[in-house]
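Database features (Swiss-Prot):
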BINDING   GLY209, GLY211, LYS212, THR213, VAL214, ARG239  ATP binding site
BINDING   THR213  Mg(2+) 1 binding site
BINDING   GLU238  Mg(2+) 2 binding site
CARBOHYD  SER106  O-linked glycosylation site
MOD_RES   LYS124  N6-succinyllysine
MOD_RES   LYS133  N6-acetyllysine
MOD_RES   LYS161  N6-acetyllysine
MOD_RES   LYS198  N6-acetyllysine
MOD_RES   LYS259  N6-succinyllysine
MOD_RES   LYS259  N6-acetyllysine
MOD_RES   LYS264  N6-acetyllysine
MOD_RES   THR312  phosphothreonine
MOD_RES   LYS426  N6-acetyllysine
MOD_RES   LYS485  N6-acetyllysine
MOD_RES   LYS522  N6-succinyllysine
MOD_RES   SER529  phosphoserine
TRANSIT   1-46  transit peptide
Amino acid sequence: MLSLVGRVASASASGALRGLSPSAALPQAQLLLRAAPAGVHPARDYAAQASAAPKAGTATGRIVAVIGAVVDVQFDEGLPPILNALEVQGRDSRLVLEVAQHLGESTVRTIAMDGTEGLVRGQKVLDSGAPIKIPVGPETLGRIMNVIGEPIDERGPIKTKQFAPIHAEAPEFIEMSVEQEILVTGIKVVDLLAPYAKGGKIGLFGGAGVGKTVLIMELINNVAKAHGGYSVFAGVGERTREGNDLYHEMIESGVINLKDATSKVALVYGQMNEPPGARARVALTGLTVAEYFRDQEGQDVLLFIDNIFRFTQAGSEVSALLGRIPSAVGYQPTLATDMGTMQERITTTKKGSITSVQAIYVPADDLTDPAPATTFAHLDATTVLSRAIAELGIYPAVDPLDSTSRIMDPNIVGNEHYDVARGVQKILQDYKSLQDIIAILGMDELSEEDKLTVSRARKIQRFLSQPFQVAEVFTGHMGKLVPLKETIKGFQQILAGEYDHLPEQAFYMVGPIEEAVAKADKLAEEHGS
């Protein structure tokens, strides 16, 4: 049976080879060479290729197949390069397709940036001659746009003359800046144990419902107001309701001003209901807006991405639609490349900086999953949100032992900050080690020294909680922003034993240490009466 299959295969192969005589093969090879756009190099430098390609923008093709979000388009001449944007003609709403693959000599396989309902074979498609271009500049502040730069806030067109392609090269090594400076957020647990670097990349890791989006909203509230620069928020594959809530909260807090041009933030949304093409590109759209402020205006920009996992997830969907063989856990084989291409553009140059805060959903709370694990390599600081801490009612539910920062170094943060942070982590680690003994034998079996460790650790654990301004309506506590000096002083005094006499509940949901003392006095009065 096998030999028969082999004979048939070899016969068909030789038949195919006989059919393709040298004289027939030569013009075909020449045709393929002619079809390649000018300035294209063999390297997979698609962004540069798309930008360097001739900007004719007049090639017209026709749709030959529609398979969900994948559309095949045939061009009789002028095959568009990879990553070029194509526009479908004869539709009420604008539909942009991005070239993903070349199938043979005259057909391209594209990914749609919007729904493909109503598309029919034979419809005309126009090559724009460039990658997707979006509006950039101060006019984008206070506005919401989608992946292709269309305003979706019902406030008319974005009046700007400046447009930029969403695919670009990362800055050269020579342009990068190496200065290190702490970015104070006003959140105690973050500033003390895993401080953020100005111009760095920060990851917020956590499973479903542990508070990633609330923490991002608080950071926008604290840092955008205190830092005074521009912010860009990219909503990637998250809930539309949260995007809407965020927009209205920004209007109420004055970060977005509808009356004049004093808005501080630009919003770019590609939410859960969007096709995978839009979700895979919307992070790049947000990044392009931020790059303009960094490179052209010399600003220190804050870029918030919620959620970077959805970027990977959308890339995985696109990869499957294009028929690529999946890699580990079903992710796309180009996972590290896709992530690296985007993350390398988020950097600090000599002109300005982009500090990015990225919420990272951790599937099934598994930090070894390829999506969060690939993201780890790019980050300067990681803030890990823990379900176990959230279950204790301690918010923000930041894990003080798992969260890390590259700048937690005495040469950068200073000896006092470093010593207090390490002291806090040591006492919390000791408490964690004693928990098994407490569970089996109870507190009474501990030595006096261990009892003191447990008492201080529980106070520190509660003092790491903090009421947020954006969560006032849920908690009933007024939001607090704590300066770094106050944070260090408070934890230093708890470690020194100055507040051993206060009850641990006095340290829960307060700002600086003075509030804990006042709360303890209030509790004593209530208890006394």
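Including glycine, each Cβ sits where the backbone N, Cα and C put it.
Secondary structure from DSSP puts LYS264 (N6-acetyllysine) in coil.
The C-beta environment of LYS212 (ATP binding site), restricted to residues of the same chain at least 6 apart in sequence and closer than 8 Å, consists of LEU204, GLY206, ASP306, ASN307, ALA359, ILE360, TYR361, LEU385.
Summary for the modified residues LYS133, LYS264: the Cβ-based neighbour count within 10 Å is maximal at LYS264. Neighbour list (GLY211 (ATP binding site), Cβ cut-off 8 Å, at least 6 residues apart, same chain): LEU385, ALA390, TYR395, PRO396, ALA397. Considering only the recorded positions SER106, LYS133, LYS485, LYS522, the residue listed as 'phosphothreonine' has LYS133 as its nearest partner by CA-CA distance. Cβ proximity to the ATP site centre (mean Cβ of GLY209, GLY211, LYS212, THR213, VAL214, ARG239, cutoff 8 Å) flags the following additional same-chain residues: GLY206, VAL210, LEU215, ILE216, GLU242, ALA359.
A straight line from the CA of VAL214 (ATP binding site) to the CA of the residue listed as 'Mg(2+) 2 binding site' spans 13 Å. For the pair LYS264 (N6-acetyllysine) and LYS161 (N6-acetyllysine), the C-alpha distance works out to 20 angstrom. Ranked by Cα separation from ARG239 (ATP binding site), the modified residues LYS133, LYS161, LYS198 are led by LYS133. For the pair GLY209 (ATP binding site) and LYS198 (N6-acetyllysine), the Cα-Cα distance reads 28 Å.
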